[in-house]
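Per Swiss-Prot, the features are:
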BINDING   11, 59, 87, 93, 104, 114  ATP binding site
ACT_SITE  117  active site, pros-phosphohistidine intermediate
């Protein structure tokens with residue numbers, strides 16, 4: 001199995017519900033190590049750039065507004081098949097379709113207020129990690 005890194009963002013709704021620790025416990029209990037983390041208030045420019053892949057989609061403006069509406073917790077997760085494992089832990093984008101016990105089933109409100117973001121591929125994970133973290137901020141353990 002491949003050791004990978006992925007990005008996880010705990011979105012403003014989940015930060016506001018004070019469930020960061022509960023989400024971190026799920027990562028750790030499932031073999032993912034947090035090797036970098038920061039709390040950040042995203043600027044409009046940062047949110048627009050980070051989600052630029054969606055700029056032509058109808059939900060883009062609302063997503064950018066939501067992601068700048070409060071602080072987020074951004075972390076780099078490391079472990080075997082980290083990208084897939086994190087996506088399994090997150091659950092479906094729509095919390096009504098998310099499997100019981102997933103982060104979104106337990107903490108998300110709707111398809112647009114859905115608690116967490118996670119990279120969808122190893123390639124995108126590398127780009128997303130580099131967007132928020134320098135190599136010196138990542139501490140393998």
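Don't overthink the numbers, they just go from 1 along the chain as shown.
Note: Cβ is positioned from N, Cα and C throughout, glycine not excepted.
Mapped onto this structure are the features recorded in Swiss-Prot.
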| residue | record | DSSP (3 states) |
| --- | --- | --- |
| 11 | ATP binding site | coil |
| 59 | ATP binding site | coil |
| 87 | ATP binding site | helix |
| 93 | ATP binding site | coil |
| 104 | ATP binding site | helix |
| 114 | ATP binding site | coil |
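Sparsest Cβ environment among the binding-site residues 93, 114 (other Cβ atoms counted within 10 Å): 93.
For residue 11 (ATP binding site), the count of additional Cβ atoms within 10 Å of its Cβ stands at 24 [all protein chains shown]. The Cβ of residue 117 (active site, pros-phosphohistidine intermediate) lies under 8 Å from the Cβ of 7, 8, 9, 11, each on the same chain and at least six residues away in sequence. Taking every pair among 11, 59, 87, 93, 104, 114, the residues listed as contacting ATP, the largest Cα to Cα separation comes to 21 Å.
Other Cβ atoms within 10 Å of the Cβ of residue 104 (ATP binding site) number 24 in total over all chains.
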